[in-house]
Amino acid sequence: INHRTGIQFANTEDKQEFSKYPTKAGRRSLSRSISQSSTDSYSSAASYSDSSDDETSPRDKAQVNTQGSSDFCVKNIKQAEFGRREIEIAEQDMSALISLRKRAQGEKPLAGAKIVGCTHITAQTAVLIETLVALGAQCRWTACNIYSTQNEVAAALAETGIPVFAWKGESEDDFWWCIDHCVNTEGWQPNMILDDGGDLTHWVYKKYPSVFKKAQGIVEESVTGVHRLYQLSKAGKLCVPAMNVNDSVTKQKFDNLYCCRESILDGLKRTTDVMFGGKQVVVCGYGEVGKGCCTALKALGAIVCITEIDPICALQACMDGFRVVKLNEVIRQMDVVITCTGNKNVVTREQLDRMKNGCIVCNMGHSNTEIDVASLRSPELTWERVRSQVDHIIWPDGKRVVLLAEGRLLNLSCSTVPTFVLSITATTQALALIELFNAPEGRYKQDVYLLPKKMDEYVASLHLPNFDAHLTELSDEQAKYMGLNKNGPFKPNYYR
């Protein structure tokens, strides 16, 4: 039991539950290509502020909040009121984080934590940041992506005194400048890192090795960032314990599966107004993201087939009623092509050449390397921007292919992501930070750890009241028969 919060994470007998080795999903992620997360496109449909409304760079502006502080760099501090409303809307569907805030506010389990964070800065992540502050942490924050910031939300955070360095439409130089200003400030040294994509961790490791060595822990939630951590660990250069949130059950099964099940249709509808009934769709990859996409498409009457490299995932697709095919064999008939693999060159130029007129091509995987977009930037093809994030690529014979978000992540580029799902991931991140920060010396070595099942179960239990769901409790006899503790964990850590 964590004595400062009363939350049970991993007791001494459970120490071994923290597997040091990646799960099957984690191992698979090691072979995925790394795309620099800062260049993955993302925009918020809910954002009031367009980056073109004022061409002056935020770096050239002198701004202060109402408390007189200028320790921030955002697009326009005057938009704070709009941002506060966005955050309040997000709080309505993130009750588990608010519940955690109320339960642990008295004990301040993060008192003394100095957290430097690098995530998408949206209304949902603002709820996480403000929860960490309520639990006692000092925070400085920057964006993990040049397009993802909601300017008004960044302003609202800066107004409350949280140093935020981010705006929508940063240049590459701005991106690294913001990260540096988060880490390098007089009289303040971070002891915890919360990262999405690994750019912040990489920057601190390279530029501020003394800060890196003194950190108490890193929490990372993306495939790319986790891959980078395992690389550091393998090379013997990871001198800080790190928590792999990406491969936790509450991230894989909820953020990846259910989030994509809802957001795939949203992204496609907003950009193309497509009707799904009877459309021929091929989904490349039947992992959690692919499963979510296929469920939604099938429900609306689309005729869906799958491409897969993994015989287990392929067999699951067959049992779920989908045909498993090779892309080359069906490419001419497809109305929509969706990639969900995390790999590179899944859709090649040769396949794009063979697509039929009007075919919609998009990516739901993490990296922007799945569709060979670079090959389309050639003299014989014409690019025509028809809407925000929608391009028509026109071949010499007049054939058009509709490319969404330039092959970048569709749901985050062209629509919004369900708040409730982000609550699950954010709660997992908060608990991982609490656990690493309060762990007794020696519990965590200099390695990458998976969340214990107990913590995953606790995150899930915090979200059940939303549905008025009531868990059945084991009797003593039943618990003994199953060899379980009545309070969990109910599955072994290797159970997927």
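Using the three backbone atoms N, Cα and C, a Cβ is placed for every residue, glycine included.
Feature annotations, reproduced from TrEMBL:
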type     : residues                                                       : note
BINDING  : THR122, ASP196, GLU221, LYS251, ASP255                         : substrate binding site
BINDING  : GLY287, GLU288, VAL289, GLY290, LYS291, GLY292, GLU308, ASN411 : NAD(+) binding site
COMPBIAS : 31-50                                                          : compositional bias 'Low complexity'
DOMAIN   : 256-417                                                        : domain 'S-adenosyl-L-homocysteine hydrolase NAD binding'
REGION   : 1-67                                                           : region 'Disordered'
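Everything TrEMBL records as a feature, shown here on the structure.
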{"residue": "ASP196", "record": "substrate binding site", "Cβ neighbours (10 Å)": "26"}
{"residue": "GLU221", "record": "substrate binding site", "Cβ neighbours (10 Å)": "25"}
{"residue": "ASP255", "record": "substrate binding site", "Cβ neighbours (10 Å)": "25"}
{"residue": "GLY287", "record": "NAD(+) binding site", "Cβ neighbours (10 Å)": "21"}
{"residue": "VAL289", "record": "NAD(+) binding site", "Cβ neighbours (10 Å)": "27"}
{"residue": "GLY290", "record": "NAD(+) binding site", "Cβ neighbours (10 Å)": "30"}
{"residue": "LYS291", "record": "NAD(+) binding site", "Cβ neighbours (10 Å)": "24"}
{"residue": "GLY292", "record": "NAD(+) binding site", "Cβ neighbours (10 Å)": "25"}
{"residue": "GLU308", "record": "NAD(+) binding site", "Cβ neighbours (10 Å)": "23"}
{"residue": "ASN411", "record": "NAD(+) binding site", "Cβ neighbours (10 Å)": "25"}
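Spatially, by CA atoms, the binding-site residues THR122, ASP196, GLU221, LYS251 include one closest to VAL289 (NAD(+) binding site), and that is LYS251.
Within 10 Å of the C-beta of GLU288 (NAD(+) binding site) we count 22 further C-beta atoms, all protein chains included. Of all Cα pairs drawn from THR122, ASP196, GLU221, LYS251, ASP255, which the record names as binding substrate, the longest spans 18 Å. Of all Cβ atoms in the shown protein chains, 26 besides its own fall within 10 Å of the Cβ of LYS251 (substrate binding site). For THR122 (substrate binding site), the count of additional Cβ atoms within 10 Å of its Cβ stands at 27 [all protein chains shown].
Annotated pair ASP196 (substrate binding site) and ASN411 (NAD(+) binding site), C-alpha to C-alpha distance, rounded: 17 Å. Among the binding-site residues GLY287, GLU288, LYS291, GLY292, GLU308, the residue whose Cα lies closest in space to that of LYS251 (substrate binding site) is GLU288. Straight-line distance linking the Cα atoms of ASP255 (substrate binding site) and GLU288 (NAD(+) binding site), rounded to a whole number, equals 9 Å.
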